[in-house]
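The domain 'B12-binding' annotation in TrEMBL covers B:18-152. Taken from TrEMBL, the feature adenosylcob(III)alamin binding site covers B:His31, B:Ser76, B:Ser77, B:Leu78, B:Asn108, B:Leu109, B:Val110, B:Val111, B:Gly112. TrEMBL lists B:151-189 with the feature region 'Disordered'. The annotation compositional bias 'Basic and acidic residues' is assigned in TrEMBL to B:151-164.
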Amino acid sequence: MKKIVSIDIGSTWTKGGLFVLADKNLKLEKRLAVPTTQNNLVRGFSQALTDLLRKDENTPLKELVGAAEIYFSSSAKGGLRIAAIGLVPDLTLQLARLAAMSAGGKVMASFAFSLTRNDLATLEKLQPDILLFSGGTDGGNSQYILENARKLAGSALTCPVVYAGNRAVAEEVVELLNNKEVIVTENLMPEVGQVNLEPAREKIRDIFLKRIVSGRGLAEIVELFGSQPRPTPLAVFELVSAIPVHQPGWSDLAAIDIGGATTDFYSNTESYLETDTVVLKGIREPRVKRTVEGDLGMRVSAQSLLDSGWPYLEERLQELGLGAESLKAYVDRISRDLDYLPGSEEEGLFDRLLAETCVFYSALRHIGGWKETYTPQGRVYVQTGKDLRRVKAVIGSGGFLSAATTAQIMRHPLLKLKTYGQERKLLPEKPEFYADRQYLFSLLGNLVEKYPAEATALAVASLEKLNDEE
Amino acid sequence: MQPENLSNREPEFKNMEKDTIILGVIGADCHSVGNKILELFFTAEGFKVVNLGVMVSQQEFINAAIETNAKAILVSSLYGHGEIDCQGFRDLCLEKGLDRILLYVGGNLVVGKTPFEIVEEKFKKMGFDRVFPPDVDLKKAAELLKQDIKARFGSDSHGPRNDDQAGQPEKSSPETDAGTSKARNPKAG
């Protein structure tokens, strides 16, 4: 029997779980959450750890070494802030955005073609954690790349630069950017249409470990317990990646994680099925994909959700006979008081509408579509983006969806998407909905690398199937 | 930090020194057999071929050409709507900064039995450098392509560094002006 602790240091809460592993069977023993102290992340960490191991709160961390295997993740002040540079918006820039998001980052800004003076000013003001710099196939375009490298060299940008563009000019890019820290990796798109996100994701993760986590006390934890932290969204990404591999019957799934600041949408399913009547345009997206929406969230981003999500909200308010003004007043209130919980039935309904809106727009942006075209050879569908029709399980996670009592919170907005816009959205055709009731996804994500079969088994077993009744 | 050791990738580098050409069937045209043959043929002729397949839009041709620093775009059209699909192609190239790229077009470009000379003139007016009938000898087409690349990009046209045709949308090279291309152009096919 082995004791395993997994801790997730979030921006407001540090969550922890104590697991025991016996005969390849992982079980949750205890789960808790303590407030995070931003300037010293170790305090929350050791509070969670001592509590989980039933030790005195003041036990020095040193004495806990060996008491359990320890894994942890951190969302590092609301996540990795990444700026992306690509060449053509539909090709390398799109891939740079996907790579950043699937590494657990949040894309703060993205730029195509030549950087303008304005773009540089935006970058300098933003001071992202990482700049992901791509463009050109291997042996392809170099002029834009070198021009942008020159401009970046002259900028006041201080973050590390991950170069994942045309390999033929990698050395020159390093020379031009000799006043910055440059990490060279494989091209995101070595050939047109060839998608190669993994190497850049690895480098982003390395930087996360080295630069972003140290400094706030986490180095001590790494040294004591010998395990590296990962970005929280990456932990979930790894869990979503591993479930179809290890759990029969879970070959195609999606997960939606609605938080206070962002909404994350994960999918694990083949993105395109080649047939005579469906032609794919643009890049073929990866089987495992994460998108993160910084304007969709339940609290910190509630105001921007109101702006981005107004068309959906307006329609729903009308359907339910609720007033727009009272919703706006509620959003004002929760934007000021981030820990506010609904105090009336109407406020509860508002929270639910906000969650539905997060589902609607994150799905709209994540999922691809078909446009019907008539050709002399007959009817053909032109597909752009990712096909989620074969997804059988849609999992809700994050504070709000973990507590969902009905599948309708997710089903309803997805149904609305069916009739939205010009193209046919490639939505899950017969989805079942689940809630990550004990909010274990990020904790189990930390264990996936070491215990893939066991962690995915517990993840699946801990899900609660949602019905359509309220 | 140092870039990865590149020396053990020699074969790929050789590939990087080939001239890249973009291939595809334009518009709502699904004819894929000829497209595959062209890909095999031009690859065997020593080109680095980026094949976009069927139902390719002007924008997709251009996106691929920008990312790969291509020397030429070879447009196929077999269903008779080529004239509409190709309208404005050269202008869009110039707009996007591809001011030196070679544009070739071939196939059943118009419906009916229009004499080829008329078809050719039409497409040259649109800015295509060469126009080919459906029964073109591919060997000849490949020779012309090699000559044209040499003439337009110079003998030092190979290698990844020389991609000055991109990025300067406002500077249009007179060479590529649709009106003058005819003079340099021996009868195709």
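Just so you know, the numbers here start at 1 and follow the chain as drawn.
Positions of Cβ are set from backbone N, Cα and C atoms, glycine also.
Feature annotations (TrEMBL) mapped to structure.
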residue: B:His31; record: adenosylcob(III)alamin binding site; DSSP (3 states): coil
residue: B:Ser77; record: adenosylcob(III)alamin binding site; DSSP (3 states): strand
residue: B:Asn108; record: adenosylcob(III)alamin binding site; DSSP (3 states): coil
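Cβ neighbours within 10 Å of B:His31 (adenosylcob(III)alamin binding site), excluding its own Cβ and spanning all shown chains: 18. For the domain 'B12-binding' (B:18-152), the predicted model reports an average pLDDT of 95.
Taking each of the binding-site residues B:Ser77, B:Asn108 in turn and counting other Cβ atoms within 10 Å of its Cβ gives the largest count for B:Ser77.
Neighbour counts of Cβ atoms within 10 Å were compared across the binding-site residues B:Val110, B:Gly112; the minimum falls on B:Gly112.
When every Cα pair among B:His31, B:Ser76, B:Ser77, B:Leu78, B:Asn108, B:Leu109, B:Val110, B:Val111, B:Gly112 is compared, the largest distance found for this adenosylcob(III)alamin site is 18 Å. Helix, strand and coil content of the domain 'B12-binding' (B:18-152), in residues and according to DSSP, is 60 helix, 29 strand, 46 coil.
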